[in-house]
Amino acid sequence: MNIHEYQAKAIFADNSIPTLKGKVAFSVDEAVANAKELGGSVWAVKAQIHAGGRGLGGGVKIAKNLDEVKDYASKILGMNLVTHQTGPEGKLVQKLYIESGANIVKEYYLAILFNRMAEQITIIASSEGGMDIEKVAKESPEKIAKVGIDPQIGFKMFHGLEVAKVLGLDKDESKKLISMIAKLYKLYMDKDMNMLEINPLIKTAEGDFYALDAKCSFDDSALYRHPEIAELRDITEENPAEREAAEFGLSYVKLDGDVACMVNGAGLAMATMDIINYSGAKPANFLDVGGGASAETVAKAFEIILRDKNVKVIFINIFGGIVRCDRIANGILEATKNVEVNIPIVVRLDGTNAAEAKTILDNSNLKNIKAATNLKNGAELVKSLVG
């Protein structure tokens with residue numbers, strides 16, 4: 001689960017992690033009033049959406065007087081903000097964060113995340129803050145520190161010193177930053193986060209460090225332990241189809257291709273997407289119907305993927321273990337009763353009750369179904385149908 005910048009900064013402040021003063025605003029008048037209350041002569045007017053790249057998309061502006069606060073707030077609030085993380089459809093800006101200015105002398109990048117390959121928590125830091133970290137990693141890898149932490153040991157001074165060395169900090173600066181990272185690491189672990197990112201982390205003329213931005217992502221499976229975090233959920237920022245799918249126990253993620261996938265099991269789903277890509281087509285979604293799929297959930301999955309107007313072909317790839325292939329077949333028939341299907345469906349069914357499933361589909365009136373003998377054959381059929 002993701003939260004907004006203003007929510008993340010409130011959590012930071014509650015845990016003694018330095019942030020600049022700021023207030024959330026839901027209207028232009030409230031934005032101006034917040035700037036007045038914060039005081040000073042410079043403010044950042046920031047769009048609040050669950051995506052990065054807001055500045056490049058025009059969603060972050062620096063105002064040097066209250067008239068500019070009003071002008072920028074009126075332009076950003078209600079805009080459809082498109083960034084490299086939102087996709088071409090963008091996100092509607094429904095709230096702003098008005099933040100006090102600071103005398104910035106240097107920007108850094110800092111993140112804490114779970115490294116599944118190494119089975120460790122990893123701190124990633126760079127002297128090149130405020131930029132796309134992937135670009136920095138590609139062009140200047142020597143400017144990035146990657147420090148692994150064994151969760152059984154936790155964050156120690158030597159971890160912090162390794163980060164400070166790459167960032168080029170002096171002794172006093174290192175001491176301040178290491179203290180800040182220690183608090184961030186504790187927060188990350190205590191709140192069951194998947195990722196904590198500050199980009200940029202700034203150093204002021206006074207030599208102090210502040211989180212100028214804050215992005216936190218939490219483990220959905222651990223939210224029952226953190227009701228105060230679960231309350232921060234903003235469902236308006238979530239994809240409606242993904243939210244609806246979750247209500248039916250389906251794991252669905254929309255992508256930008258034209259081949260809809262319906263698969264059981266996350267591993268098989270990823271393999272299916274890989275082979276679709278390898279064949280030259282592009283998957284339109286990740287969809288795992290799970291091991292306990294019923295005809296009802298399969299029908300719902302059909303409804304959801306057919307709402308995507310980019311879809312040209314549906315590829316159903318089921319290996320029947322716990323889930324029975326005949327249930328999938330009945331779900332397909334149930335779905336076609338409620339939703340008109342005018343695009344080809346490639347079906348590969350193997351495993352429990354696969355023969356019964358084939359009989360069900362053969363005896364149906366569906367003329368746009370094509371049977372695949374194996375995964376490779378299915379991908380080839382899909383590619384030929386997409387064109």
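Note that Cβ sites are derived from N, Cα and C of the backbone, with glycine treated the same way.
Sequence-distant neighbours of E107 (ATP binding site) (same chain, 6+ residues apart, CB-CB distance under 8 A): E128, G129, G130, P200, L201, I202, K203, L212. When secondary structure is read from DSSP and collapsed to three states, E107 (ATP binding site) falls in the strand class. Annotation source Swiss-Prot lists ATP binding site at K46, G53, R54, G55, E99, A102, E107, citing sequence analysis.
According to Swiss-Prot, the Mg(2+) binding site annotation covers N199, D213. Listed in sequence order, G52, Y109, L110, A111, G129, G130, M131, I133, D213, K215 are the same-chain residues six or more apart from N199 (Mg(2+) binding site) with CB atoms under 8 A from its CB.
Taken from Swiss-Prot, the feature substrate binding site applies to N264, G321, I322, V323, supported by sequence analysis.
Neighbour counts of Cβ atoms within 10 Å were compared for the binding-site residues A102, I322, V323, and the top value is held by V323. Classification of K46 (ATP binding site) by DSSP places it within a strand. Cα distances from N264 (substrate binding site) to the binding-site residues K46, G53, G55, E99, A102 are smallest for G53.
A Cα-Cα distance of 41 Å separates V323 (substrate binding site) from G53 (ATP binding site).
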